[in-house]
């Protein structure tokens, strides 16, 4: 490896001659002195040179110098008497200045130039928060005895929702990109009892909005031997707390840079039944509107001091066929949503677990079992009461960072119009 | 949660009355006594009952009983005076007996019934080893300052290899399933310096063999500021050692059950140059045959006591266009393969990092830059010397466990003929 210290380690080498390596973030020539700011994965380092030519921005350089205190330097230390070696020269200047505190280019321009735009610390930060979140999700579930699975992204039938699926040519046969690992994670409860998967899911979403992507990363979990959906909610609470703890620990720089205040997760997240949510918002619709979700979030913050709120018991008619009904309240389900800062963040619930219940549920929706044979196998051979949830990583990151557009939370977004880079 | 102890915790509760929960693995009625073996995610528990009717195999049950020593019981403890509650009844007997030590059904039958077949401890074990391997991969790279990324699985052009891609209908436009995250992970070296991704890749592999899948899980890493490919090999060594350490720690039961002996990873894995490999195997072909790979693996074990062997310097003609040449030996590359137990397990190497070199490399293969515009952006704006590798998770698990067919190492394989379950 190129022998180097990272920008963040500079203070540990005060007075020593060290080598740093990275990209020229900015160069500034004054009358008698020049400054070269070098960006590496840990931060910025300022090198102070005699006036003269300096390599242009985004050059890849190695700079050997003596570590000295510098009151104007990032972190309080800088390199003096630098020797600069250029490892790679850019063949063009960047499409916009990466050294400015904020990128002023319009989002489409930024996205068209993602490989270089994401080098900007502000644009990179959401991805750091995203990576830290996923690590925390896994850690929390690993502690609870979950096993990681990898399931097919190519499926033979478009059964789960029917709409918005991408068709693929599978060796001359029609096939589809999976919209979720729902059926597979349920089947794997029969094998491991508790499973999770972090992977891409695909929605041929025909709407061009700030909240929809054609591919996103779904954080899925499913667990058996639950009493009802409340056990699933308790596990989700642990997962979310683990994600936030991990972000706090792994991405403090990104949080600072974006000015993000992380929410507290109450030991028990407040929950309101759907019928009560309707009463509170004076509604009789069978689903909650975005406006109602915002209102309920504000209410939870006022009433319970919580930025998170569970809404439980959504009407069966609005939930997928595998949803477990509430045994005590006909028409209502053991399904829930988790609202966070005004928006639905997670959908989950208890599922049916008896084969006969599946046959009945499908018949009630006018469907036979044929398209579901592989899925129904799990239930034919004995399945425990179980449930689970799915959390969209990009939506999570957008809510945490306050990103106005979900495209700012993933490196190379895919949407109705965008297929590159 | 259903209040229960796991089979593996039984010894800690000797003399107490406890509840276990799981599937009826087997029932046996003798003249005056019956045995009920219950399977949960941690193992098996035997309950000893008075003779009488017992729920059939794969019923989901809760059994409350007193923990007593039992010389015939798995783990040395069993439940006596059991009360059995059935949580879910199977609606059919399993397609083959899950309680037998080995599954005798043919592989296609097993795969057709994956949701129930994978409950067999022998068939589940490779998936436990696979999950533990991935956790170890991430741990090792996290320690080395890598950042996890998620990249598009839908791409606009079939550029990387051209052949064996799945076509998809992307909102009426042609698109393709990504064969690897190669271009994206390289671009992200410009952002995070060190990145990895664990995700599905897709190959429209027209051959029906024991080694090919249409979807597999690729463990990809890429890092910048390397001197050459040897720095990449050193990181790969750490990743492999981390994977094995994690399997040892997280999946000891699966290793026992399958009788797997884990390999030792030498502090430095032996390496042989391609030209030397040719000399050793008396060959002049520009690539290694499977037979040569086997021979070289045996040679490494004999000569170096290592089950791992790097072959370095593959001819440029046999490597992709982004491969960095060996500056000292024209025609040879800074690419490598890692052989493990007779088979290529990992491909990697140093990549080109200068924009002009890419333009030249593409021209030399008779290609323009147009189809690569998004990719080449990263290099246009300054990229450090870098390299990386890709390891196929299923192939790794197959080599570790000695699985005869790669389909035994993934829950729901996809191949030329198989699209369900």
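Each residue's number is its place along the chain shown, starting with 1.
A Cβ is built for glycine as well, from the same backbone N, Cα and C atoms used for every other residue.
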TrEMBL annotation, ATP site containing B:203, B:204, B:205, B:211, B:212, B:213, B:392, B:393, B:394, B:395 - matching residue among B:245, B:264, B:344: B:344
Of the residue ranges B:178-181, B:182-185, B:186-189, B:190-193, the one that TrEMBL records as region 'Aspartate': B:182-185
Rounded inter-Cα distance in Å - residue B:74 (site 'Important for tRNA non-discrimination'), residue B:344 (ATP binding site): 39
Residue counts (helix, strand, coil, in that order) that DSSP gives for the region 'Aspartate' (B:182-185): 4 helix, 0 strand, 0 coil
All-chain count of other Cβ atoms within 10 Å of residue B:344 (ATP binding site): 16
Per DSSP, three-state class assigned to residue B:203 (L-aspartate binding site): coil
Other C-beta atoms that fall within 10 angstroms of the C-beta of residue B:393 (ATP binding site): 22
Rounded distance in angstrom between the Cα atoms of residue B:351 (L-aspartate binding site) and residue B:344 (ATP binding site): 20
Rounded to the nearest Å - Cα separation of residue B:395 (ATP binding site) and residue B:347 (L-aspartate binding site): 12
Farthest-apart CA atoms of B:203, B:204, B:205, B:211, B:212, B:213, B:344, B:392, B:393, B:394, B:395, residues recorded for ATP, distance in Å: 20
Neighbourhood of residue B:205 (ATP binding site), C-beta criterion under 8 angstroms, separation at least six: B:164, B:212, B:213, B:214, B:415, B:416
Residue pair residue B:393 (ATP binding site), residue B:347 (L-aspartate binding site) - Cα distance, angstrom, rounded: 13
